[in-house]
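These features come from TrEMBL:
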- 1-79: domain 'Pyrroline-5-carboxylate reductase catalytic N-terminal' (DOMAIN)
- 50, 51, 52, 53: NADP(+) binding site (BINDING)
- 142-248: domain 'Pyrroline-5-carboxylate reductase dimerisation' (DOMAIN)
Ligand SMILES: NC(=O)C1=CN([C@@H]2O[C@H](COP(=O)(O)OP(=O)(O)OC[C@H]3O[C@@H](n4cnc5c(N)ncnc54)[C@H](OP(=O)(O)O)[C@@H]3O)[C@@H](O)[C@H]2O)C=CC1
Ligand SMILES: O=C(O)[C@@H]1CCC=N1
(Lines of atoms letter the chains of each structure in order from A and count residues from 1; the text may use other names and numbers.)
(Lines give C-alpha, C1' and ligand atoms only; values in the text may rest on other atoms or scores of the structure.)
(Ligands and ions follow the chains in the order given, each with its own letter.)
Protein backbone atom coordinates (compact mmCIF):
# COMPACT_ATOMS: atom_id res chain seq x y z
CA UNK A 1 0.00 0.00 0.00
CA UNK A 2 2.91 2.31 0.78
CA UNK A 3 4.20 2.20 -2.79
CA UNK A 4 0.69 2.88 -4.17
CA UNK A 5 0.51 6.06 -2.10
CA UNK A 6 4.09 6.96 -2.88
CA UNK A 7 3.32 6.98 -6.60
CA UNK A 8 0.95 9.92 -5.94
CA UNK A 9 2.89 11.59 -3.12
CA UNK A 10 5.92 12.10 -5.34
CA UNK A 11 3.88 14.63 -7.31
CA UNK A 12 4.42 17.13 -4.48
CA UNK A 13 7.53 19.07 -3.52
CA UNK A 14 8.39 17.34 -0.21
CA UNK A 15 11.58 15.36 0.11
CA UNK A 16 10.62 11.77 0.86
CA UNK A 17 12.79 9.08 2.42
CA UNK A 18 11.67 5.46 2.38
CA UNK A 19 13.09 2.87 4.75
CA UNK A 20 12.51 -0.59 3.33
CA UNK A 21 14.81 -3.59 3.51
CA UNK A 22 13.82 -4.94 0.08
CA UNK A 23 12.04 -2.25 -1.99
CA UNK A 24 12.94 -1.85 -5.66
CA UNK A 25 11.72 0.41 -8.47
CA UNK A 26 10.95 3.44 -6.32
CA UNK A 27 10.51 6.81 -8.06
CA UNK A 28 13.86 8.57 -8.74
CA UNK A 29 13.03 11.54 -6.51
CA UNK A 30 12.74 9.31 -3.42
CA UNK A 31 15.69 8.55 -1.16
CA UNK A 32 15.72 4.85 -0.31
CA UNK A 33 17.57 3.44 2.69
CA UNK A 34 17.63 -0.19 3.74
CA UNK A 35 17.94 0.35 7.47
CA UNK A 36 16.94 3.06 9.94
CA UNK A 37 20.56 3.24 11.13
CA UNK A 38 21.40 5.08 7.90
CA UNK A 39 19.13 7.99 8.90
CA UNK A 40 19.62 7.79 12.66
CA UNK A 41 20.56 11.47 13.00
CA UNK A 42 17.94 12.85 10.58
CA UNK A 43 14.58 14.30 11.56
CA UNK A 44 11.31 14.34 9.63
CA UNK A 45 8.13 16.42 9.85
CA UNK A 46 6.00 13.39 9.14
CA UNK A 47 6.78 9.73 9.74
CA UNK A 48 4.50 7.34 7.88
CA UNK A 49 3.87 3.95 9.44
CA UNK A 50 3.27 1.64 6.47
CA UNK A 51 4.40 -1.73 7.75
CA UNK A 52 1.93 -4.46 8.65
CA UNK A 53 0.15 -3.82 11.97
CA UNK A 54 1.79 -6.95 13.42
CA UNK A 55 5.24 -5.36 12.85
CA UNK A 56 4.57 -1.95 14.37
CA UNK A 57 5.62 -2.86 17.93
CA UNK A 58 8.95 -4.11 16.63
CA UNK A 59 9.72 -1.47 14.00
CA UNK A 60 8.30 1.90 15.03
CA UNK A 61 9.77 2.68 18.48
CA UNK A 62 13.23 3.45 17.02
CA UNK A 63 11.70 6.14 14.80
CA UNK A 64 10.54 8.23 17.78
CA UNK A 65 13.97 9.88 17.66
CA UNK A 66 13.49 10.84 14.01
CA UNK A 67 10.36 12.90 14.55
CA UNK A 68 10.98 16.64 14.23
CA UNK A 69 9.57 18.98 16.89
CA UNK A 70 6.02 19.81 15.80
CA UNK A 71 5.88 16.79 13.51
CA UNK A 72 3.48 13.86 13.59
CA UNK A 73 3.14 10.19 12.74
CA UNK A 74 0.72 9.21 9.97
CA UNK A 75 -0.32 5.56 10.23
CA UNK A 76 -1.92 3.64 7.37
CA UNK A 77 -2.00 0.41 9.40
CA UNK A 78 -5.32 -1.36 9.78
CA UNK A 79 -6.66 -1.62 13.30
CA UNK A 80 -3.57 -0.65 15.31
CA UNK A 81 -4.85 2.12 17.55
CA UNK A 82 -3.53 5.67 17.58
CA UNK A 83 -3.14 5.84 21.41
CA UNK A 84 -1.10 2.62 21.33
CA UNK A 85 1.10 3.99 18.53
CA UNK A 86 1.49 7.37 20.20
CA UNK A 87 2.61 5.73 23.44
CA UNK A 88 4.99 3.45 21.56
CA UNK A 89 6.63 6.52 20.02
CA UNK A 90 7.07 8.59 23.15
CA UNK A 91 3.68 10.36 23.14
CA UNK A 92 4.07 11.49 19.53
CA UNK A 93 1.10 13.13 17.79
CA UNK A 94 -0.62 10.54 15.59
CA UNK A 95 -3.11 10.74 12.73
CA UNK A 96 -4.58 7.49 11.44
CA UNK A 97 -5.66 7.10 7.85
CA UNK A 98 -7.17 4.17 6.00
CA UNK A 99 -6.55 4.36 2.26
CA UNK A 100 -7.43 1.79 -0.36
CA UNK A 101 -5.54 0.35 -3.29
CA UNK A 102 -6.92 2.48 -6.16
CA UNK A 103 -4.81 5.22 -4.55
CA UNK A 104 -2.19 3.82 -6.93
CA UNK A 105 -4.05 5.55 -9.79
CA UNK A 106 -5.24 8.57 -7.80
CA UNK A 107 -8.71 7.00 -7.31
CA UNK A 108 -8.40 5.91 -3.68
CA UNK A 109 -10.86 6.53 -0.86
CA UNK A 110 -9.13 7.37 2.43
CA UNK A 111 -10.65 7.75 5.88
CA UNK A 112 -8.81 10.01 8.34
CA UNK A 113 -9.05 10.24 12.10
CA UNK A 114 -7.06 12.35 14.58
CA UNK A 115 -5.29 10.48 17.39
CA UNK A 116 -3.58 11.68 20.57
CA UNK A 117 -1.86 15.08 20.39
CA UNK A 118 -2.80 15.57 16.72
CA UNK A 119 -3.45 19.26 15.99
CA UNK A 120 -5.70 20.82 13.37
CA UNK A 121 -2.56 21.53 11.34
CA UNK A 122 -1.54 17.89 11.45
CA UNK A 123 -5.02 16.88 10.28
CA UNK A 124 -4.99 19.51 7.53
CA UNK A 125 -1.62 18.29 6.33
CA UNK A 126 -2.71 14.63 6.45
CA UNK A 127 -5.92 15.41 4.57
CA UNK A 128 -4.09 17.35 1.85
CA UNK A 129 -1.46 14.63 1.58
CA UNK A 130 -4.02 11.82 1.29
CA UNK A 131 -6.20 13.77 -1.14
CA UNK A 132 -3.40 13.53 -3.70
CA UNK A 133 -4.33 9.85 -3.88
CA UNK A 134 -8.10 10.33 -4.22
CA UNK A 135 -11.01 11.38 -2.05
CA UNK A 136 -10.87 11.68 1.74
CA UNK A 137 -13.44 11.20 4.49
CA UNK A 138 -12.74 12.59 7.96
CA UNK A 139 -14.23 10.57 10.83
CA UNK A 140 -14.24 11.46 14.50
CA UNK A 141 -13.46 8.13 16.13
CA UNK A 142 -11.18 5.17 15.60
CA UNK A 143 -14.19 2.91 15.86
CA UNK A 144 -15.51 4.67 12.74
CA UNK A 145 -12.14 4.40 11.02
CA UNK A 146 -12.18 0.65 11.60
CA UNK A 147 -15.57 0.62 9.88
CA UNK A 148 -14.08 2.63 6.97
CA UNK A 149 -11.44 -0.11 6.86
CA UNK A 150 -14.15 -2.77 6.54
CA UNK A 151 -16.03 -0.88 3.81
CA UNK A 152 -13.36 0.91 1.78
CA UNK A 153 -9.89 -0.22 2.92
CA UNK A 154 -10.58 -3.87 2.22
CA UNK A 155 -13.23 -3.02 -0.39
CA UNK A 156 -11.12 -3.38 -3.54
CA UNK A 157 -10.45 -6.97 -2.46
CA UNK A 158 -14.18 -7.71 -2.42
CA UNK A 159 -14.65 -6.01 -5.78
CA UNK A 160 -11.79 -7.96 -7.39
CA UNK A 161 -13.17 -11.20 -5.98
CA UNK A 162 -16.69 -10.44 -7.20
CA UNK A 163 -15.31 -9.56 -10.65
CA UNK A 164 -13.22 -12.75 -10.66
CA UNK A 165 -16.22 -14.94 -9.78
CA UNK A 166 -18.38 -13.08 -12.36
CA UNK A 167 -15.72 -13.70 -15.05
CA UNK A 168 -15.48 -17.35 -14.01
CA UNK A 169 -19.25 -17.65 -14.45
CA UNK A 170 -18.97 -15.99 -17.88
CA UNK A 171 -16.34 -18.56 -18.88
CA UNK A 172 -18.74 -21.31 -17.82
CA UNK A 173 -21.16 -19.80 -20.38
CA UNK A 174 -18.58 -20.62 -23.07
CA UNK A 175 -16.45 -17.44 -23.36
CA UNK A 176 -12.66 -17.35 -23.43
CA UNK A 177 -10.84 -15.96 -20.39
CA UNK A 178 -9.98 -12.74 -22.25
CA UNK A 179 -13.49 -12.20 -23.57
CA UNK A 180 -15.00 -12.96 -20.16
CA UNK A 181 -12.65 -10.48 -18.46
CA UNK A 182 -13.32 -7.77 -21.07
CA UNK A 183 -17.08 -8.22 -20.86
CA UNK A 184 -17.20 -8.33 -17.07
CA UNK A 185 -14.85 -5.39 -16.47
CA UNK A 186 -16.52 -3.39 -19.25
CA UNK A 187 -19.93 -4.05 -17.72
CA UNK A 188 -18.86 -3.27 -14.16
CA UNK A 189 -16.86 -0.20 -15.25
CA UNK A 190 -19.66 1.15 -17.45
CA UNK A 191 -22.33 0.61 -14.82
CA UNK A 192 -20.25 2.23 -12.08
CA UNK A 193 -19.32 5.20 -14.29
CA UNK A 194 -23.03 5.69 -15.05
CA UNK A 195 -23.99 5.51 -11.37
CA UNK A 196 -21.21 8.01 -10.56
CA UNK A 197 -22.41 10.68 -13.03
CA UNK A 198 -23.58 13.89 -11.35
CA UNK A 199 -27.32 13.67 -10.71
CA UNK A 200 -27.45 9.93 -11.34
CA UNK A 201 -30.51 8.06 -10.10
CA UNK A 202 -30.36 5.98 -6.91
CA UNK A 203 -28.71 2.57 -7.14
CA UNK A 204 -32.12 0.96 -6.66
CA UNK A 205 -33.66 3.00 -9.51
CA UNK A 206 -30.70 2.25 -11.76
CA UNK A 207 -31.11 -1.46 -11.05
CA UNK A 208 -34.81 -1.21 -11.82
CA UNK A 209 -34.09 0.57 -15.11
CA UNK A 210 -32.27 -2.55 -16.36
CA UNK A 211 -34.93 -4.91 -15.09
CA UNK A 212 -37.76 -5.48 -17.56
CA UNK A 213 -40.80 -7.08 -16.00
CA UNK A 214 -40.66 -10.82 -16.59
CA UNK A 215 -37.34 -10.43 -18.40
CA UNK A 216 -33.82 -11.81 -18.20
CA UNK A 217 -32.45 -9.43 -15.53
CA UNK A 218 -35.36 -10.20 -13.19
CA UNK A 219 -34.58 -13.88 -13.57
CA UNK A 220 -30.87 -13.29 -12.92
CA UNK A 221 -31.47 -10.98 -9.94
CA UNK A 222 -33.84 -13.47 -8.40
CA UNK A 223 -31.10 -16.09 -8.52
CA UNK A 224 -28.53 -13.54 -7.20
CA UNK A 225 -30.38 -12.01 -4.26
CA UNK A 226 -33.99 -13.19 -4.29
CA UNK A 227 -33.45 -14.89 -0.93
CA UNK A 228 -31.35 -11.94 0.39
CA UNK A 229 -28.34 -14.26 0.24
CA UNK A 230 -26.07 -11.66 -1.39
CA UNK A 231 -27.14 -8.94 1.05
CA UNK A 232 -26.59 -11.25 4.03
CA UNK A 233 -23.19 -12.27 2.69
CA UNK A 234 -22.11 -8.64 2.27
CA UNK A 235 -23.22 -7.80 5.83
CA UNK A 236 -21.14 -10.73 7.08
CA UNK A 237 -18.19 -9.62 4.93
CA UNK A 238 -18.03 -6.11 6.38
CA UNK A 239 -18.59 -7.38 9.92
CA UNK A 240 -15.77 -9.92 9.61
CA UNK A 241 -13.35 -7.25 8.32
CA UNK A 242 -14.36 -4.86 11.11
CA UNK A 243 -13.97 -7.59 13.74
CA UNK A 244 -10.45 -8.28 12.47
CA UNK A 245 -9.57 -4.58 12.69
CA UNK A 246 -10.73 -4.65 16.32
CA UNK A 247 -8.46 -7.63 16.97
CA UNK A 248 -5.51 -5.66 15.56
CA UNK A 249 -6.07 -2.63 17.82
N1 LIG B 1 -2.89 -3.59 1.02
C2 LIG B 1 -3.87 -2.70 1.13
O3 LIG B 1 -4.75 -2.57 0.25
C4 LIG B 1 -3.93 -1.80 2.32
C5 LIG B 1 -3.00 -1.88 3.35
N6 LIG B 1 -3.06 -1.04 4.41
C7 LIG B 1 -2.05 -1.11 5.46
O8 LIG B 1 -0.79 -0.87 4.86
C9 LIG B 1 0.21 -1.54 5.60
C10 LIG B 1 1.07 -2.36 4.65
O11 LIG B 1 0.25 -3.37 4.09
P12 LIG B 1 0.61 -4.03 2.69
O13 LIG B 1 1.09 -2.98 1.75
O14 LIG B 1 -0.55 -4.86 2.30
O15 LIG B 1 1.80 -4.96 3.14
P16 LIG B 1 3.21 -5.22 2.43
O17 LIG B 1 3.81 -6.38 3.15
O18 LIG B 1 3.00 -5.31 0.96
O19 LIG B 1 4.01 -3.89 2.73
C20 LIG B 1 4.73 -3.70 3.90
C21 LIG B 1 6.08 -3.14 3.52
O22 LIG B 1 6.84 -2.94 4.71
C23 LIG B 1 8.13 -3.44 4.46
N24 LIG B 1 8.85 -3.76 5.69
C25 LIG B 1 8.89 -4.93 6.36
N26 LIG B 1 9.68 -4.82 7.44
C27 LIG B 1 10.14 -3.55 7.46
C28 LIG B 1 11.02 -2.84 8.32
N29 LIG B 1 11.55 -3.42 9.39
N30 LIG B 1 11.29 -1.55 8.04
C31 LIG B 1 10.74 -0.97 6.98
N32 LIG B 1 9.91 -1.59 6.11
C33 LIG B 1 9.62 -2.87 6.35
C34 LIG B 1 7.88 -4.63 3.62
O35 LIG B 1 9.05 -5.07 3.01
P36 LIG B 1 9.15 -6.64 2.56
O37 LIG B 1 8.22 -6.78 1.43
O38 LIG B 1 10.56 -6.78 2.22
O39 LIG B 1 8.73 -7.43 3.77
C40 LIG B 1 6.86 -4.07 2.63
O41 LIG B 1 7.48 -3.33 1.61
C42 LIG B 1 -0.47 -2.41 6.64
O43 LIG B 1 -0.37 -1.80 7.90
C44 LIG B 1 -1.92 -2.45 6.16
O45 LIG B 1 -2.82 -2.59 7.24
C46 LIG B 1 -4.00 -0.05 4.49
C47 LIG B 1 -4.94 0.08 3.52
C48 LIG B 1 -5.02 -0.79 2.37
O1 LIG C 1 -6.09 -6.65 4.54
C2 LIG C 1 -5.63 -5.78 5.27
O3 LIG C 1 -5.44 -5.99 6.47
C4 LIG C 1 -5.30 -4.43 4.69
C5 LIG C 1 -6.01 -3.32 5.39
C6 LIG C 1 -7.08 -2.88 4.45
C7 LIG C 1 -6.77 -3.55 3.20
N8 LIG C 1 -5.78 -4.35 3.32
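Counting starts with 1 at the first residue shown.
From the backbone N, Cα and C atoms, a Cβ is placed for every residue, glycine too.
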Helix, strand or coil: which one is residue 53 (NADP(+) binding site) in, per DSSP?
helix
Counting every protein chain present, what is the number of Cβ atoms, excluding its own, within 10 Å of the Cβ of residue 52 (NADP(+) binding site)?
12
Could you list the residues of the same chain, at least six apart in sequence, whose Cβ is under 8 A from the Cβ of residue 50 (NADP(+) binding site)?
1, 2, 5, 76, 77
Which residues, same chain and not among 50, 51, 52, 53, have a CB within 8 angstroms of the centroid of the CB atoms at the recorded NADP(+) site?
49, 54, 55, 56, 59, 76, 77, 80
Would you mind giving the whole-number mean pLDDT across the domain 'Pyrroline-5-carboxylate reductase dimerisation' (142-248)?
98
